[in-house]
């Protein structure tokens, strides 16, 4: 498929709008799953760690399956994948309303909805990148806020729906709202060239008839030749009866002389196809080896290795508050009269603000994006340590706002990755990092829930979460310090096409 030059406008702004609303409708419920988490605890009576798996799977499975999602979009296009993801998200939410136990929710809400979110995210990002080049950063920033706005609105919406219609009715209504993703997906018109290549049928018509003789699977060469001989003689007999016998004798002699050549040609083609298959397999194996060699080269970069550890620990420790903060408030015996706004809604709106402000700061030349990212990690760790000391709604609301703002560091994470490994290795490195980010999202809330099940309080759980984030931040800071790079570079050189933050301080 041949694409035109990105228009950086026009129908591209329609793509931005529908992608924003698609992410809003898709990610609203999974990100605001903390409201449903309380209801599932009461409905099924399972432990907090076991129940937390539902929300963690819904948010982590899409990142874990990001390579599969990319292959689907590359094979079928953004529009069909977006429409299919709408069916998955809506179907998973509606099936969850009939869940008889927590294990059913693992599949319906955790896996089905999670995969739908991963497919939709890949489709919206891909189609937006196709329509924008110079304004790509702005376009991607606008559509990424759809998930944060969805978190803000769906937290309050799901709480109201639960009070009015119960948990089952809430999931049915939210699932029905998700069907609007189909309308958004239908407007994702692919950016194709007007001079598209001719269809396969036209190309097939130009292929000589002799080509199909060699690819007939159910007949041998001798049978094909006899069929051609019979057809040719029959045609001559119909058109010119007196010459039928003479032509038959002549054609038999000619075709018998061609018979040997046809056999040799057929054998030659078989050999060529066999060699082609061997070369293809060898090439695939070489690509596989090259992929793992490039991966090992990436991990030889100390900053990238520290970044991989930091993103894993950050998601293990930093993601649980967005899922468990409502239960933390209930465990602190905070009265519902003091509840002016769901804590998850505060996290959602402040995440949007954080993405915008941190993204703007990253564009300044005097700001080192890696140090900015490390600062957000260290501040997140301190905020997590402060949660056990919060005993009022106002304090929890302030901490929720701080954590939400710092979670907006996702907007600068691609900057950090690019400066660490270089633009030519960005796709490879970013895919690896997103896999471990999904792993952290999946493990974080259950681990915190298990800590509560063991100790019957959240203090130890959030001390553990804060320690994880602080550890990741300190490791990344140590790997990026110029003095550390100066010491290590004396004994070993960085791999080619990688960058050291000793010389990237002006980024």
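In case you wondered, yes, glycine gets a Cβ from its N, Cα and C as well.
Copied from TrEMBL, the annotated features are:
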DOMAIN    15-484  domain 'Major facilitator superfamily (MFS) profile'
TRANSMEM  12-40  transmembrane segment
TRANSMEM  52-73  transmembrane segment
TRANSMEM  80-98  transmembrane segment
TRANSMEM  104-125  transmembrane segment
TRANSMEM  137-157  transmembrane segment
TRANSMEM  169-188  transmembrane segment
TRANSMEM  303-319  transmembrane segment
TRANSMEM  339-358  transmembrane segment
TRANSMEM  370-390  transmembrane segment
TRANSMEM  396-417  transmembrane segment
TRANSMEM  429-452  transmembrane segment
TRANSMEM  464-484  transmembrane segment
Task = Sort out for me which stretch, of 104-125, 303-319, 339-358, 370-390, 464-484, has the most Cβ pairs below 8 angstroms to the transmembrane segment (169-188).
result = 104-125
Request  = Give me the mean pLDDT over the domain 'Major facilitator superfamily (MFS) profile' (15-484), rounded to a whole number.
outcome  = 79
Note = With the greatest number of Cβ pairs under 8 Å to the transmembrane segment (80-98), the stretch among 12-40, 52-73, 370-390, 396-417 is 12-40
Query = Any chance the transmembrane segment (370-390) and the transmembrane segment (464-484) are in contact, meaning at least three CB pairs closer than 8 A with a sequence separation of 6+?
reply = yes
Message = Is the transmembrane segment (303-319) in contact with the transmembrane segment (429-452), using at least 3 Cβ pairs under 8 Å (sequence separation of 6 or more) as the test?
response = yes
Query = Under 8 Å, at least three CB pairs between the transmembrane segment (104-125) and the transmembrane segment (464-484) (pairs 6 or more apart)?
reply = no
Query = Against which stretches of its own chain does the transmembrane segment (12-40) lie, if we need a Cβ under 8 Å and a gap of at least six residues from its ends?
reply = 6, 46, 51-52, 54-55, 58-59, 82, 85-86, 89, 93, 102, 105, 109, 113-114, 116-117, 120-121, 124, 127-128, 131-132, 139, 142-151, 153-155, 157-159, 162, 167, 170-171, 174, 177-178, 180-181, 184-185, 187-189, 322-327, 330, 342-345, 348
Note = Same-chain residues at least 6 beyond the ends of the transmembrane segment (137-157) with a Cβ under 8 Å from one of its Cβ atoms are 12, 16, 19-29, 31-32, 34-35, 124-125, 128-129, 131, 174, 322, 341-342, 344-345, 347-349, 351-352, 355-356, 359, 410-411
